[in-house]
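Quick look at what TrEMBL lists:
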type     : residues : note
DOMAIN   : 1-212    : domain 'UCH catalytic'
SITE     : Q72      : site 'Transition state stabilizer'
ACT_SITE : C78      : active site, nucleophile
ACT_SITE : H152     : active site, proton donor
SITE     : D167     : site 'Important for enzyme activity'
Amino acid sequence: QFLKQLGIHPDWQFVDVYGMEPELLSMVPRPVCAVLLLFPITEKYETFRTEEEERIKAKGQDVKSSVYFMKQTINNACGTIGLIHAIANNRDKMNFETNSSLKKFLEDSLSMTPEERAKYLETYEVGIIEHNLFLFCFVLQAPSIDEKVDLHFIALVNVGGHLYELDGRKPFPINHGETSDDSFLEDAIEVCKKFMERDPEELRFNAIALSAA
């Protein structure tokens, strides 16, 4: 229903990932083309994020030009950014309605830089921003646009056989190595586990998958 409101035919759906054990992952309909992870922004995570950025800037990484990435400049819009990252990097799999506002946004912004996409979203239809509420509603009460929130969404996607972490707070995508359509969910969950291992005392982690309906 949610994707239909965005002008996407219901060939795909968002489903809860109830756990990271193999038997629980087997309950997720396949194929899966994106995973959205909600996690707490803690001091440990911020320290890791800074170190990771410095390490990648020093060593470099391979990021395919076909990866759609945008920065986040709107407060509490990480759910919206995560949704756009998930759909944009699987747009060839999506069946859009002709009048889909999300389809128009993606077409208009395809040739833009990550920063230009963020600025364009600031001025785009309010409806896309409002859909951020959906992504928050399954774990917490949706915040106002100015409310301080210490939970954050990222998207994990498969582009050209590589698993990318897309986070609008970061300066660039993070390449987590090779993956495939068959192994993507398990590979993405391994990345999610690393987030949890960095903050073992935290319980505020949730994942949803964009999977075949």
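Keep in mind that glycine also has a Cβ here, set from the backbone N, Cα and C atoms.
In TrEMBL, annotation is done automatically, which means it is predicted and not curated.
Here the features listed in TrEMBL are painted onto the structure.
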residue	record	Cβ within 10 Å
Q72	site 'Transition state stabilizer'	20
C78	active site, nucleophile	25
H152	active site, proton donor	20
D167	site 'Important for enzyme activity'	23
Looking only at the domain 'UCH catalytic' (1-212), report the model's average pLDDT.
89
How many Å separate the Cα atoms of D167 (site 'Important for enzyme activity') and C78 (active site, nucleophile)?
8
Cα-Cα distance linking the residue listed as 'active site, proton donor' and the residue listed as 'active site, nucleophile', given in Å to the nearest integer:
6
Taking the Cα atoms as reference points, how far is Q72 (site 'Transition state stabilizer') from H152 (active site, proton donor) in Å?
11
